[in-house]
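Structure first, commentary second.
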Amino acid sequence: MSIIVTGAAGFIGSNLLQALNQRGETDIIAVDDLTDGEQFRNLADADIADYLDQNDFIERYARGDFGPVRALFHQGACASTLESNGRYMMENNYRYSCRLLEASLELGVPFLYASSAAVYGAGRTFREARRYERPLNVYGYSKFLFDQRVRRALPQARSQVVGLRYFNVYGPREGHKGRMASVAYHCYQQLRRDGRVVLFGEHDGFPAGGHLRDFVAVEDVARVNLHFLDHPQRSGIFNLGSGRARSFNEVALAVINSVRASADQPPLVLAQALESGLLGYREFPEALRARYQSHTCADLELLREAGYRDDFLSLEEGVGGYCRWLARSA
């Protein structure tokens, strides 16, 4: 039976392909939009059975052309929180997802999809309940609205439906995302290019570099997806973060100290990084002030109740491994 991955050439989709391959799974149909031809690089080292454009795929999938399908991992979306074209966002993220959900329910195919912590907006409670969901941008709204569609469908669903609300994911194969790549990625590139890291200054009551996010390694994200593949009786919407909020300063330090370790140099603390000029700040961008999440931290209670017991990589472990991967890939 085939496994289908949409967004397969993207960041999380391509890492999911790698995780499936490591299990010996190769009967995989990869689905994406390769208008940006450079993204083929995320597919080049994956073993797959076929590739389809996302527009060609959806009609064939709805007709049942692929025979028995073990699961559909729907990772494809426009992930830019800065995208202002609401019509494009809703068609690509909401309407396309609705069509896949409807077809999956009709075919009885387990449907595991990417939601986002962006649904929570500027709130301080990150629990999978409607009263805590107040998105700040149209990207967050597109994910929020699809989650509501799923909630209405779940009571009648006869096959698995799982939504995973990704928090701040970082790791290999995200370079194509440009401005939307992770803080860790941008810190590493700044350090290599400019010899220093520059973070946003104070905003929303948080000091310079002190904004807090739940940073989660993409390896952990892939593992949680596979957990639900292995437990098709589990359905619902679940947070997927590390369960810990860490500051941008801590990410920058993890990058700086990883690079220093590769040069056999001792680690620095924050004050030393600032004093040496390896870390600095710039004024917080005016354009982001009204739509910026200053703090996120996943409540993992429902995920743990769904049977996922593994520990998540610490920020230092995950960022350290990522920096070594970036160095090898340069």
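Numbers run from 1 along the shown chain.
Cβ coordinates come from backbone N, Cα and C, glycine included.
Per Swiss-Prot, active site, proton acceptor is recorded for TYR139 (among others). TYR139 (active site, proton acceptor) falls within a helical segment according to DSSP.
Cβ-based neighbour count (10 Å, all protein chains) for LYS177 (active site, proton acceptor) stands at 14. Sequence annotations record features per position, and here Swiss-Prot assigns active site, proton acceptor to LYS177 (among others) based on sequence analysis.
According to Swiss-Prot, the NADP(+) binding site annotation covers 11-12, 32-33, GLN39, GLN54, 75-79, ASN92, LYS143, VAL169, LYS177. Under 8 Å, Cβ to Cβ, and six or more positions away along its own chain, LYS143 (NADP(+) binding site) finds ALA77, ASN93, SER115, SER116, ALA118, VAL119, PRO135.
A 10 Å cutoff on Cβ-Cβ distances gives ASN168 (substrate binding site) a total of 20 other Cβ atoms nearby, all chains included. According to DSSP, ASN168 (substrate binding site) is assigned to a strand segment. Residues annotated as substrate binding site in Swiss-Prot, with sequence analysis given as evidence: ASN168, ARG179, HIS186, PHE200, GLY201, GLU202, HIS203, ARG213, TYR292.
Taking the C-alpha atom of HIS186 (substrate binding site) as reference, the shortest distance to any of the binding-site residues ASP32, GLN39, GLN75 belongs to GLN39. Here the candidates are the recorded positions PHE11, ASP32, GLN39, TYR139, and by Cα distance the one nearest ASN168 (substrate binding site) turns out to be PHE11. If you compare Cα positions, TYR292 (substrate binding site) sits closest to TYR139 out of the recorded positions PHE11, GLN75, ALA79, TYR139, LYS177.
The C-beta environment of TYR139 (active site, proton acceptor), restricted to residues of the same chain at least 6 apart in sequence and closer than 8 Å, consists of CYS78, ALA79, SER80, THR81, GLU83, MET89, ASN93, SER116, ALA118.
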